Amino acid sequence: MTLTLRSTNSFLKGLRSFKTSEEFPNLVRIARIRPSYRVRAISSLQAEHFTPEKMVLEGRCSDKWEKLHELTGHHHTNASKVPVFVMLPLDTISTGGSLNKPRAMNASLMALKTAGVEGVMVDAWWGLVEKDGPLNYNWDGYVELVQMVQRHGLKLQVVMSFHQCGGNVGDSCSIPLPPWVLEEIDNNPDLVYTDKSGRRNPEYISLGCDSLPVLKGRTPIQVYSDYMRSFREKFKDYLGKVIVEIQVGMGPCGELRYPSYPESNGTWRFPGIGEFQCYDKYMKASLQAAAEACGQQEWGRNGPHDSGQYHQYPEDTGFFRREGTWKTPYGQFFLEWYSAKLIEHGESILGAAHGIFKETGAKLSGKVAGIHWHYKTRSHAAELTAGYYNTRDRNGYLPIARMFAKYEVVLNFTCMEMKDGEQPDHANCSPEGLVQQVKLATQTAGAELAGENALERYDASAFGQVLATSKSQTGSRLSAFTYLRMNKRLFEGDNWRHLVEFVKSMSEGGQNERQSTKDLSRTGLYVGFLKEKSIQKNEHALV
C-alpha cells in the first residue's frame, strides 16, 4: 500500500520536470479521495473523554491540586485569521552551505502552498553561516531557499540560531557552533554553561560573558549583532516582503533559558527537575558581586548546595521541597539574581536586534520554553532551574513578557498542543495551565503571543487543542502558529488531511470547531492510501 498524491492537471504540470519518485524517497504522492476525519477544536478541560487515539503517556493528572495562577475573564470570540507556518527540516541547508535536495524542497513548498499555509520557518545556523572564520559569512543556501519560497508565494520566518543543533528532543542532525568558536571554548572552557559537578555544555555561549571580548576580540553580543547585520544586508530586498519574521535565538534550542535539562548522554530525563547552570567563572563572579552588593558576601560563594540532581523530584531536595530553601531570603536572592541575568541577556540581544531590523518591515520574535512538568507543585522546580522565577506565589512570565513588549518582540511559546490529561500523574504537569498563564502575561504586558507545538504530533486531538488555545479567553489570541515539522510523515494520509483542515480552521480564527468533510483548502487535493498498481506514471513524489 502506497501513499499517493493526485490533483488537477495544473498541479501536476509543475511537477512534470521532476525525475522519478526514487529521487524523492521521503515524500508522498497525492490521490483524490474523500476525507472522512474531522478535527474539533475542543479543550480537554471541557471534554476529558475526547481522545481519538491512545497517547503514549496515559493517565489523567489528579483534579485534587491547588489552583495555580487562576485566570479570570470571560470568553471572547475572535474571528481573525491565525496564519500557520510550517518548520522546515533542521538540515534544510547542508554542511557545505547549499540547499539540501532543492527539487524535493520545491515540490514540498508547492504542496504546502496548496494546503493554505502562510509560509515556512528555517534555522539560519551560526555553525554553518560563519563557520569559515570570524565575519566570514556564507548565505548562499539561504538565498536559494528565499527565492524558492518567493516563487511559491509563501512567507518565511528565519531563526537566528546561535545554538548547537543536536542532543535535544527532535534533533535529527548535528550542527555544532562554528569551529573557531569551539577553539576558543577549548582554550577557555568557562565560555559555556557549567553545572555544579563541572559538566560543560557546548550548546550555547554562557550569558556570563555577554559583555566580554572573549570571541577573537568581540563580545558574544557583538558577534550576534554582526551576524544579524550581515543577514539584513544580504536579504534587504526580501525583508518585510518574503521574510516577514526574524526569530532571535537566545539560548539552547533557540529559547530564552538556561540549558538546565540536557538530554545528551542521558544527563537528564523527563520529568527531572534539572540543575542550575551558574558555575562557569563568569557566572560565579556575577553571583559574588550581587551578594556583596546586598551585604551578604557568603551568599555569593556558590549556588544552592541542596538543589539536587538532574533526575530528582522536588520533594527529594532541600531546596525545592514544599517549604524548602527556595522560600528563604537566601533562596529568593539567588533566584532573583539567576532569573534577572537571563532577562538581562534577553534585553541585550533583543535590544540589538530591534535596532538592526526596526526599519525593515519584518517582525521580531523570541521563543520561551514550555516547561510544564512540576507546574502543579509550589516551587515549580523545573522552571526555576531553567531561569523562570515562576512559583505558586510569583508570576515569572510577566517580567519576560514586559521585556518582549519593550522591544516590540512577539513572544513565541511552545507546548500549545498538549493537554493535562495526556501527562503522567507523577510529573505534576499542567501544560494547559501554563499556556493560560503565559497568555495572560502577554495580554497584561501588551506583547503579541505566537505558538508552536513542542513535540511532533499529527493527530486530530493535538490540532484541536491548538485550535482551542488559539481562541481568546483572556483577550489575547495567537498572532501566528508554527507547526513542527515538515517531514515525510506530515504528508501521509490522515496526517496531511488533518493539517489541511487545521490550516483552514485557523484561517477562520480557530472558530470552526467541527470541520467539513469536503475539500477545505479548495485545492482539489486529497491524501490517502492507494494500492501500488493504481499509481499513474505522471504522479510524482513529494518531500
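Every residue, even glycine, has its Cβ placed from backbone N, Cα and C.
TrEMBL annotations: computationally assigned, not manually curated.
As recorded in TrEMBL:
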type	residues	note
ACT_SITE	Glu255	active site, proton donor
ACT_SITE	Glu452	active site, proton acceptor
BINDING	Asp123, His163, Asp171, Lys367, His372, Thr414, Asn453, Ala454, Arg485	substrate binding site
Cβ proximity for Glu255 (active site, proton donor), under 8 A, sequence spacing 6+, ordered by residue number, returns Lys367, Val368, Ala369, Thr414
Just counting, how many other CB atoms are there within 10 A of the CB of Glu452 (active site, proton acceptor)? 22
Rounded to a whole angstrom, what is the C-alpha distance between Arg485 (substrate binding site) and the residue listed as 'active site, proton acceptor'? 10
Students should find that the Cβ of His372 (substrate binding site) has, within 10 Å, a number of other Cβ atoms equal to 26
For Asp123 (substrate binding site), what is the tally of other C-beta atoms lying within 10 angstroms of its C-beta? 25
Which Cβ among the binding-site residues (Asn453, Arg485) has the fewest C-beta neighbours inside 10 Å? Arg485
